[in-house]
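Over in TrEMBL, the protein carries these features:
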COMPBIAS  687-701  compositional bias 'Polar residues'
COMPBIAS  855-866  compositional bias 'Polar residues'
COMPBIAS  873-885  compositional bias 'Polar residues'
DOMAIN    514-651  domain 'STAS'
REGION    687-706  region 'Disordered'
REGION    807-885  region 'Disordered'
TRANSMEM  67-89  transmembrane segment
TRANSMEM  95-113  transmembrane segment
TRANSMEM  145-163  transmembrane segment
TRANSMEM  170-193  transmembrane segment
TRANSMEM  230-247  transmembrane segment
TRANSMEM  256-279  transmembrane segment
TRANSMEM  307-329  transmembrane segment
TRANSMEM  349-367  transmembrane segment
TRANSMEM  387-409  transmembrane segment
TRANSMEM  416-436  transmembrane segment
TRANSMEM  448-475  transmembrane segment
């Protein structure tokens with residue numbers, strides 16, 4: 001007996017631990033990602049900086065011939081922005097000059113950091129409404145409305161910049177188009193309703209209440225409406241509609257008409273301000289109609305937002321943030337798609353963040369891209385973000401030189417401008433009907449967003465609709481379709497479609513294709529999973545597959561001793577219910593015995609630990625149900641990352657692999673390092689009597705196993721060639737380091753002495769036809785082996801019986817037939833099936849569209865001719881979707 005060496009033992013434990021850490025696949029992946037990132041850092045840092053400041057890339061390529069288009073576009077948008085910014089400041093319930101302050105800082109900054117040539121940033125209707133809600137919620141805080149608005153803008157910028165810097169723009173993809181349509185339409189209609197008191201001169205009606213309250217107060221105050229304000233409203237709306245119509249009809253032929261139509265807001269405000277001046281110049285202190293009155297002149301003096309207020313508005317600014325980034329990114333994508341150029345979604349988030357953070361120091365409230373102004377900018381011929389600089393010049397000139405003229409702007413005219421702007425944001429009946437036709441769930445989400453936004457608040461509308469969309473998304477992930485497949489048959493002579501090739505497997509319930517049996521081999525079923533196999537859906541997928549298997553196949557006989565039955569075992573009752581729904585109950589004793597299941601994983605992009613455990617549980621339950629150790633799960637079209645998980649879990653090896661191992665199994669540590677000049681291999685041979693170590697140094701870059709001493713391996717019954725094949729089979733790349741201390745690799749290595757190296761991957765197939773043929777061959781081999789074993793066992797039993805009879809002096813006779821045990825599906829295990837009436841049948845599609853049972857010998861590819869099946873319109877299989885587990 002060898003002495004115990006604590007130092008050697010500790011060294012060996014440390015060596016094993018180090019090898020285990022080095023060979024851990026997760027740690028290898030993390031190390032590779034970190035190494036690649038660090039190596040790429042010197043090259044990517046300048047590129048990263050340039051991506052954060054896009055003007056550095058496009059300005060050197062700027063063509064001076066683009067300047068005219070950018071100047072015209074900037075001037076046009078600037079004339080449109082001035083009256084809109086004043087009007088939207090009214091919506092936000094802040095002094096009108098803050099709308100102007102919000103208009104020039106944003107467009108200047110975006111010219112340097114934006115990636116869209118068309119989008120113009122500034123106040124918008126929806127963001128103004130959300131800002132008003134934040135101000136209203138903070139009314140008792142003691143802060144002014146403008147201070148609250150600037151603090152909210154700062155927090156919107158912080159959220160957006162953080163999302164962009166972390167490259168989490170993917171979060172915006174969780175907001176479906178129907179939800180955006182619903183809440184945008186609801187917010188636009190809310191703003192439109194809020195303008196009604198201004199259009200009718202109802203000065204005492206608070207327009208920032210909820211929509212229902214505003215409508216009630218508006219109709220209650222109709223007797224007090226002012227006729228001059230009504231006339232100005234009607235005239236302003238008529239002028240806006242007329243100019244828009246003229247630009248649409250004659251704008252393409254006459255650029256002047258087009259320009260006047262595009263800048264119609266500015267011209268209408270100028271005209272009616274002049275009329276208002278004529279009416280009120282002698283009544284400055286008591287004007288004849290409602291006007292905005294004094295607007296301070298000059299730019300805002302930069303100052304830091306109130307830091308104590310930031311925490312108070314942080315929560316309520318989240319809705320403003322989501323509305324701002326969703327509106328901005330949607331507009332940027334739309335115009336980039338139209339003009340075929342690329343935008344960077346994460347950089348757009350960065351730009352929204354920076355313009356709002358910096359703008360908050362210059363008197364700006366939350367801003368984002370405006371669809372109407374972006375459309376005008378694009379139609380005016382903008383060639384680059386430089387058009388925003390000209391737009392800013394127009395706004396700055398207005399703030400510094402024209403503000404005294406703003407005194408006489410009629411509120412009714414501003415209300416008309418806002419009303420006409422938001423009416424175009426409301427989705428028409430055609431849009432709602434299209435959502436209804438395409439997806440009921442999208443339509444329902446859009447209606448939730450619309451009505452909650454309209455009659456409660458935009459914040460709650462966004463929250464409820466987003467929550468609804470996430471629930472629908474999670475439901476679709478958690479309840480994926482599990483398709484039972486059957487081979488398509490090309491038996492329609494009158495069909496004008498191209499012929500269907502053999503080996504095409506489609507949904508067994510497809511109303512388009514004719515299909516054969518749902519079991520290409522009796523007892524073998526094929527399923528296609530149309531979603532990743534992860535924790536939300538693993539239990540559901542397992543239950544749905546078991547339902548289909550129990551409905552169309554038979555299982556093993558159960559133990560006749562009822563005392564061994566579990567208290568909750570109701571499998572027979574559940575199988576009966578499933579077969580009633582599937583229409584196979586009356587033929588239950590003829591259903592084939594379950595042999596194998598083929599899984600099409602072509603749509604499975606991810607397999608997590610919960611899904612993997614469900615696969616193990618599923619295989620175990622199906623094997624118990626089948627009653628044979630040779631039951632297998634086969635996989636088709638497996639993605640590389642999913643295959644890696646399957647291999648690490650050792651589920652790709654068959655259940656029936658030989659249990660007999662070589663008498664002395666070596667423990668092999670393979671270590672191949674290609675980073676230097678020398679590769680090495682260490683072979684440890686461990687047995688009861690020997691402890692040998694052999695090290696062989698190979699030539700640079702060569703496989704070290706080829707040069708190792710074969711004596712220790714041959715002594716253990718393992719040839720070097722088999723080890724080389726094993727190493728090549730499992731190696732994923734040229735830079736490999738693998739240890740056989742892992743139990744799964746030890747088991748595979750143990751089988752390498754007498755199995756083909758690819759045996760561990762025998763359950764992975766490229767296509768369904770190849771999987772069917774492989775299963776057919778394997779089942780034939782298994783049946784042949786079982787037949788041979790049964791024959792030998794029968795001969796031995798017969799010899800034993802005769803020998804005992806001779807010893808007893810008796811003549812052996814035929815033993816009475818066994819009673820047999822009842823199987824789970826109703827078929828006796830010991831019953832000898834004879835005659836056509838007792839042959840096990842397999843499910844097919846019948847002429848009435850219901851799955852029926854047919855003789856397997858009549859299936860194509862078996863011993864007899866095929867029976868053509870008709871197109872299936874059955875809904876029988878859908879009844880199995882009810883969760884009985």
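For all residues, glycine too, the Cβ spot is worked out from N, Cα and C.
The helix, strand and coil residue counts that DSSP assigns across the domain 'STAS' (514-651) are 60 helix, 24 strand, 54 coil. Counted as Cβ pairs under 8 Å, contacts with the transmembrane segment (416-436) are highest for 230-247 among 95-113, 145-163, 230-247, 256-279, 387-409. Where the transmembrane segment (448-475) meets the stretches 145-163, 170-193, 230-247, 307-329, the count of C-beta pairs under 8 angstroms peaks at 170-193.
Under the criterion of 3 or more C-beta pairs below 8 Å, with sequence separation of 6 or more, the transmembrane segment (95-113) and the transmembrane segment (349-367) qualify as touching. Same-chain residues lying 6+ beyond the ends of the transmembrane segment (67-89) with a Cβ under 8 Å from its Cβ atoms: 95-100, 102-103, 120, 122-125, 128, 259, 262-263, 265-266, 268-269, 292, 370, 372-373, 376-377, 380-384, 386-395, 398, 406, 409, 414-415, 417-418, 421. Mean predicted confidence for the domain 'STAS' (514-651): the pLDDT average there is 84.
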